[in-house]
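**Student:** Below is one structure. I have some questions about it.
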Amino acid sequence: MTTFTHINSQGEANMVDVSAKAETVREARAEAIVTMSKETLSMIVEGKHHKGDVFATARIAGIQAAKRTWELIPLCHPLLLSKVEVNLEPLLETNQVRIQSLCKLTGKTGVEMEALTAASVAALTIYDMCKAVQKDIVIEYVRLLEKSGGKSGHFIAEEK
């Protein structure tokens with residue numbers, strides 16, 4: 001069985017020592033789904049939201065969040081990300097927004113948490129901007145889609 005890397009032999013939480021690890025190109029993709037009413041989604045897609053461009057704001061928030069993940073998640077390393085991408089896709093048939101993020105770097109540790117944080121904060125930003133018109137927006141299916149470049153190998157999530 002694989003052990004938790006952030007727990008020492010005394011059961012205490014510690015940041016993993018990556019100093020001896022080789023630098024490799026590492027990449028991770030994550031997603032989040034935001035479900036809302038047809039009216040709220042239409043308002044966003046048609047650009048009629050009184051706070052401005054919801055997707056542009058959520059995209060920038062996700063990018064900023066990825067860069068600051070180490071400040072939010074206690075045992076994450078500060079990383080020099082070489083790429084952060086956040087894409088938002090309206091799914092009109094299900095009244096949802098699919099958020100997909102991509103983080104990439106050449107380094108000693110993975111970027112899964114950065115990708116997950118980017119997708120999560122983009123979703124939270126949509127909620128924040130739309131809560132005045134709809135309080136029961138649902139954020140769900142925040143998950144890692146794919147990661148590559150590390151010792152643990154290439155991971156691809158199963159389709160849901």
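Cβ coordinates come from backbone N, Cα and C, glycine included.
Okay, these came from Swiss-Prot:
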| type | residues | note |
| --- | --- | --- |
| ACT_SITE | ASP128 | active site |
| BINDING | LEU75, CYS76, HIS77, MET113, GLU114 | substrate binding site |
**Student:** Just name the most isolated of the binding-site residues LEU75, CYS76, MET113, going by other Cβ atoms within 10 Å of its Cβ.
**Tutor:** LEU75
**Student:** Taking the Cβ of each of the recorded positions and counting other Cβ atoms inside 10 Å, which one has the highest number: GLU114, ASP128?
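**Tutor:** Output for this query is GLU114.
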**Student:** Can you give me the Cα-Cα distance between ASP128 (active site) and LEU75 (substrate binding site) in Å, rounded to a whole number?
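**Tutor:** Here the two Cα atoms are 27 Å apart.
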**Student:** Around the substrate site recorded as LEU75, CYS76, HIS77, MET113, GLU114, what other same-chain residues have a C-beta within 8 angstroms of the site's C-beta center?
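**Tutor:** Residues close to the substrate site, other than LEU75, CYS76, HIS77, MET113, GLU114: THR69, TRP70, ILE73, LEU79, THR109.
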**Student:** Taking the residues LEU75, CYS76, HIS77, MET113, GLU114 listed for substrate, what is the greatest CA to CA distance in Å, to the nearest whole number?
**Tutor:** 12
**Student:** Let's check the environment of HIS77 (substrate binding site): how many other CB atoms sit within 10 Å of its CB?
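**Tutor:** Looking across every protein chain shown, the total is 15.
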**Student:** Under DSSP, is HIS77 (substrate binding site) part of a helix or a strand, or is it coil?
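**Tutor:** Coil, per DSSP.
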